[in-house]
Amino acid sequence: MMKFALLILIALFGVSFASNDEGPITAQTVQKVGAKAYVYNPLLLGTNGTQKTDGGSRQQRMVGQWPALAGQGISQTVFTLEPCAMRPAHVHPRATGLLYMISGAKFMVGYVTEDGTPVNNEISTGASALFPIGLVHYQQNLDCFDATYVISYNHEDPGTQMTYASLQQLPAAAVAATLGVNTTGYSNLLSASPKGIFIKSSDPECVARCQLAPAKSGATVSAASVSG
Ligand SMILES: *[C@@H]1O[C@H](CO)[C@@H](O)[C@H](O)[C@H]1NC(C)=O
Ligand SMILES: *[C@@H]1O[C@H](CO)[C@@H](O)[C@H](O)[C@H]1NC(C)=O
C-alpha cells in the first residue's frame, strides 16, 4: 500500500525527474525513481486519470501526467468518441500527431495544409492517420458506435490550442470582420459556441441515422461547423 501511494506521488509530482530532463535513462536513474515509474496506468488514478465529458473521454499520457516522459520527446493520448461526436478543430504548436484507430468505422480525420488545402479522410479499425505539427485538424465519429483511438505525439508536451475558442479571444470587431458577419451575427455565434473538449451530436445526418436524441440547441451544431 505504501509502495502504491509512493508511486502515485511520483506520478503526480515527478520531483525525482527534475534533474534528468535532458539526460539518458541510466542505472542510477532507474535506481533513484524505480522501474515502476516507467509505466503509466491512468486506471489506477480513478477519475483523475480520465477526463470524461459530453461526447467522449480522454486519457492523456503527457509529461504533466507522467514525469518519466521528460526529455523523451514523445507522449500519447487515448480517446473514446461517442456516436456522432467530434473533437473540434485545434492545433498542436509543438508536435505532429500519429493516430491509430483501435476500433471504429465512418471515422473522419482531417487537417488543412499551410496553403489552405483540405486533407480529409474516412478511416476505420486498424488504420493510422497523420496530423502535421501546427496545422488545424479535427476528428469526427460518424458511426453509431463508440470510436476508440490513440494519438502519439513527437513531444512530451505537445500543447493544444482550440481554434474557435482562441479566435474568440481576439477583439470582437476583428473576429466579426474575419468571419464576415456583423456584431449581432457574431454575438449569436458566441452564445451558441461549444465549450467542451468534445462536441456531442456534431452532425445532424449522423444523429438522424443513428436515432440519437438531437443536440439541445441546433445553433450549437452550426456554430461548431463554422469553427471547422
Ligand atoms: C485524485 O486527485 C485528488 C486531488 O489531487 C487527490 O486528492 C486524490 O488522492 C486523487 N485520487 C487518486 C486515486 O489518485
Ligand atoms: C446583421 O446581419 C444580418 C444577417 O446578414 C442582418 O439580417 C442584420 O440586419 C444585420 N444587422 C445589422 C445591425 O446590420
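Cβ atoms are placed via backbone N, Cα and C, with glycine included.
The model shown is predicted, which means the values in this text are computed figures rather than measured ones.
Noted in TrEMBL for the protein shown:
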BINDING   His90, His92, His137  Mn(2+) binding site
BINDING   His92  oxalate binding site
DOMAIN    57-187  domain 'Cupin type-1'
SIGNAL    1-18  signal peptide
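On its own chain, His90 (Mn(2+) binding site) has Val136, His137, Tyr138, Thr160, Gln161, Met162, Thr163 as residues at least 6 apart in sequence with a Cβ closer than 8 Å to its own Cβ.
Annotation for His92 (Mn(2+) binding site): spatial neighbours Phe131, Ile133, Gly134, Tyr153, His155, Pro158, Gly159, Thr160, Gln161, criterion Cβ-Cβ under 8 Å with sequence separation of six or more.
Take the mean position of the Cβ atoms of His90, His92, His137, the recorded Mn(2+) site; other residues of that chain with a Cβ within 8 Å of it are Ala89, Val91, Gly97, Tyr111, Phe131, Leu135, Val136, Tyr138, Thr160, Gln161, Thr163. In this structure, none of the binding-site residues His90, His92, His137 sits close to ligand 2 with a C-beta under 6 angstroms from any of its atoms.
DSSP classifies His137 (Mn(2+) binding site) as strand under the three-state reduction. Across the range of the domain 'Cupin type-1' (57-187), the DSSP-based residue counts are 21 helix, 55 strand, 55 coil. Neighbour density for His137 (Mn(2+) binding site): within 10 A of its CB lie 22 other CB atoms from the protein chains shown.
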